[in-house]
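> This is the feature table in TrEMBL:
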BINDING   19-28, Asn110, 137-138, Arg214, Asp252, Asn365  substrate binding site
ACT_SITE  Glu174  active site
ACT_SITE  His250  active site
ACT_SITE  Cys371  active site, nucleophile
Amino acid sequence: MKSYEVNFDGLVGPTHNYGGLSYGNVASQSNSQQSSNPKEAALQGLAKMKALMEMGFQQGVLAPQERPDVGALRRLGFSGTDAQVIEQAAKQAMPLLVANCSASSMWVANAATVSPSADTADGRVHFTAANLNCKYHRSIEHPTTSRVLGAMFADQKHFAHHAALPAVAQFGDEGAANHTRFCREYGEAGVEFFVFGRSAFDTRYPEPQKYPARQTLEASQAVARLHGLSDDGVVYAQQNPAVIDQGVFHNDVIAVGNGEALFYHEDAFLDTEQMLAELSAKLAKCGGQFKAICVPRSQVSVEDAVRSYLFNSQLLSRADGSMLLIVPQECQNNPRVWQYLQELTRSGGLIREVKVFDLKQSMQNGGGPACLRLRVALNETELAAVNPGVIMTAPLYGTLTQWVDKHYRDRMTESDLADPQLLLECRTALDELTQILKLGAVYPFQIN
Ligand code: SUG
C-alpha cells in the first residue's frame with residue numbers, strides 16, 4: 001500500500017504579535033514589542049503550503065486557536081463580561097493579556113507527538129497533545145489542540161488520541177519539535193528518535209546553565225509508552241546543554257531528520273557517536289540504512305545556525321530518492337550558511353535542492369518552516385480517513401487567502417490587544433474557518 005508523509009501546517013491566527021514571551025528563544029526576545037503584520041504572516045504560511053502542494057507533496061492545514069483566551073483570563077481571576085475581562089487584564093496585568101493573546105499555536109511542530117501505525121502496538125496512528133508546560137502562553141494550547149486534532153483525525157479505527165501529559169515541569173513535553181522518525185518507507189516500521197533537554201528524576205544528566213531545557217526524558221518515555229512503541233523502535237538522546245544555552249530551545253533548531261537521513265550540527269547532541277551507532281543498528285533491523293549528514297562547526301557555527309534557522313528546515317523526499325531542503329530566507333541572508341548550502345547541493349550527496357521561503361513574520365518569533373508543520377505519516381487508507389476539509393487543494397488555498405484578506409489586520413501592537421473589538425473579529429473569523437475546514441465546534445466560544 002502507498003504511504004505518505006503529510007505536512008499539516010499551522011495557519012497563523014489573527015492575533016499574531018511579538019510579545020517577547022519565550023525566554024531562551026533568541027528571536028522572540030529580540031523582537032519583543034515590535035509591531036507585527038498578522039495578515040502577512042498568515043499569507044506567508046499559506047504560500048508555503050500552496051508551494052509544497054504544487055510540488056506534489058501531501059499538504060494539510062491545522063486551524064489556529066481562539067485568542068484572546070478569555071476563559072484562561074477568567075481562570076486567573078478576571079471577571080465580568082468578556083469585554084470587561086479584557087479591559088481589567090489590560091489595566092492590571094498587561095503581560096497576562098499579551099500571553100493570552102499569543103498566536104503561538106501556529107507552531108504546530110509543538111502541537112503533538114505523532115507515531116505512525118507501522119510503529120504502534122495496536123496498528124493505529126497515535127497522537128499525544130503536548131503540554132507545552134515550560135511557557136504559560138503555550139501551556140493553554142493543548143485542550144483546543146486536542147479538539148482540533150480530534151476533528152481532523154476522527155476515525156477511531158485508525159487514530160488514537162492521548163491527552164497531554166501531567167502539566168508539571170517534570171513532564172515538560174514540546175511535541176514533535178523534539179521527535180523525528182527514521183524509516184525506509186513511510187508505511188514501514190521505523191525508529192522513533194526522542195531528544196530531551198534534561199531528566200527530571202535522574203541527576204546524572206547535565207543541565208543547561210542559562211536557558212530552560214523544555215523537554216524531559218521522562219516525558220519522552222511516557223509518550224513512547226502511550227503510543228505502544230517497541231524498545232527496538234525507539235532511541236533517546238540528550239541535547240547538548242551548551243547549545244540550549246545558545247538559543248537552541250527545541251532540537252528542531254539544530255537537527256532535522258527524514259527517511260533514513262539525519263541532518264544535524266556537530267554540537268547538537270551529547271554522546272553523538274553512541275547515538276549514531278544506536279540509530280544505525282535499530283534502523284538496520286527495520287531494513288533501513290542510516291545516513292548521518294553532519295554540519296561541522298568550522299563551516300556553520302551554532303550562532304549562525306540559530307540566526308539562520310538552517311536546521312529548522314523541512315527535509316523532503318523527492319520521487320528519485322534524493323532530498324529537498326525547504327529553508328527560510330534568513331539562510332540566504334547569511335553568507336556562511338548560504339555558502340554551505342551551495343556546497344551541499346553541489347556535492348552529489350543526498351540533499352540535491354534547496355528552496356527558500358519568506359516566513360519573516362513567524363521567524364521573528366523563532367518559528368521557521370519546520371516549526372510551522374506537524375508531520376503525520378499515513379498509508380492510503382488512513383489518508384482517506386482524514387477529514388477531507390483540512391487537506392490543502394487549490395480551491396481551499398483560494399478560500400483561505402480570501403478569508404485572511406477579509407478578517408486579518410495588517411498591523412498589530414501591544415495596545416491593539418486590549419481592543420475588545422479584536423475578540424469579536426477573531427471569533428467571527430474562526431467561526432467561519434470551522435465551516436471552511438469542516439471541523440465542527442472546536443473553540444471555547446462555540447462549545448461553552
Ligand atoms: O515556543 N515562540 C515559540 C516558537 C516555537 C518554535 N517551534 C519549534 N521550534 N518547533 C516558542 O518559543 C514566541 C511568542 C512571542 O514571544 O510572542 C513563541 O512562543
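Positions of Cβ are set from backbone N, Cα and C atoms, glycine also.
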> Quick one, of the recorded positions Leu21, Cys371, which Cβ has the fewest other Cβ within 10 Å?
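Across Leu21, Cys371, these recorded positions, the one with fewest Cβ atoms within 10 Å is Leu21.
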> Taking each of the recorded positions Arg138, His250 in turn and counting other Cβ atoms within 10 Å of its Cβ, which one has the fewest?
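Lowest Cβ count within 10 Å among the recorded positions (Arg138, His250) is Arg138.
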> Using Cβ-Cβ distances, find the residues under 8 Å from Asn110 (substrate binding site) that belong to the same chain and are at least 6 apart in sequence, listing them in sequence order.
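In sequence order, the residues whose Cβ lies under 8 Å from that of Asn110 (substrate binding site) (at least 6 apart) are Ala130, Leu132, Arg138, Glu141, Glu174, Gly175, Ala176, Ala177, His250, Cys371.
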> Taking ligand 1 as the reference, state which of the recorded positions Gly19, Tyr23, Asn25, Glu174, Asp252 have a Cβ closer than 6 Å to one of its atoms.
Gly19, Asn25, Asp252
> Identify which of the recorded positions Glu174, Asp252 has its Cβ surrounded by the largest number of other Cβ atoms within 10 Å, counting every protein chain shown.
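Within the set of recorded positions, the most crowded position is Glu174.
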> What does DSSP assign Asn110 (substrate binding site), in three states?
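In the DSSP reduction, Asn110 (substrate binding site) maps to helix.
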> Would you count the other C-beta atoms found within 10 angstroms of the C-beta of Ala27 (substrate binding site) for me?
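Result for Ala27 (substrate binding site): 21 other Cβ atoms within 10 Å.
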> So for Gly19 (substrate binding site), how many other CB atoms are inside 10 Å of its CB?
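Here the count is 25.
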> I'd like the number of other C-beta atoms within 10 A of the C-beta of Tyr23 (substrate binding site), please.
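Tyr23 (substrate binding site) is surrounded by 13 other Cβ atoms within 10 Å.
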> So if I measure Cβ to Cβ from Asn25 (substrate binding site) and keep only same-chain residues at least 6 apart in sequence, which ones fall under 8 Å?
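The list for Asn25 (substrate binding site) reads Gly247, Phe249, Asn365, Gly366, given in order along the sequence.
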